[in-house]
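Copied over from Swiss-Prot, here are the features:
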type	residues	note
DOMAIN	3-103	domain 'Glutaredoxin'
DISULFID	Cys23-Cys26	disulfide bond
Amino acid sequence: MAMQKAKEIVNSESVVVFSKTYCPYCVRVKELLQQLGAKFKAVELDTESDGSQIQSGLAEWTGQRTVPNVFIGGNHIGGCDATSNLHKDGKLVPLLTEAGAIAGKTATTSA
C-alpha cells in the first residue's frame, strides 16, 4: 500500500524529493533544485503520518532506504550524491527541462 502511494506521488509531479526536514543532504538537494529554478514537490517523511511506511515502500521499490530520494520525470535518480553528480556532469538541467520542471528553459530558435 505504501509503495503504491509513493508511486502515485511520483507520477503526480514532474520532480519529487522524498525528504526529512532535519536532513542536511535533503536540504542541499532542495536548495540545488531551487537555485536551478525547478518546480518540485517535497514530501517530508518525518511530518507525514505514514512517512515511515512510505520510506519502507520506497526502499522496496527502489532499493534505496535513505533520503533524499529524488525522482525526475517519474524516474528514480537517487540521493544527494547522485543528484549533485548529475549537476556537475551537466545532465541535471536537461533532465529537469525535459520533465517540464524548469519553465522557459526549453530549446528555442531565434528568428
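Cβ coordinates are placed from backbone N, Cα and C, and glycine is handled just like the others.
Because the structure is a prediction, the values reported are computed rather than measured.
For the disulfide-bonded residues Cys23, Cys26, counting C-beta atoms within 10 A of each C-beta gives the highest total at Cys26.
In terms of DSSP helix, strand and coil, the domain 'Glutaredoxin' (3-103) has 50 helix, 17 strand, 34 coil. Per-residue confidence over the domain 'Glutaredoxin' (3-103) averages 97 (mean pLDDT, predicted model).
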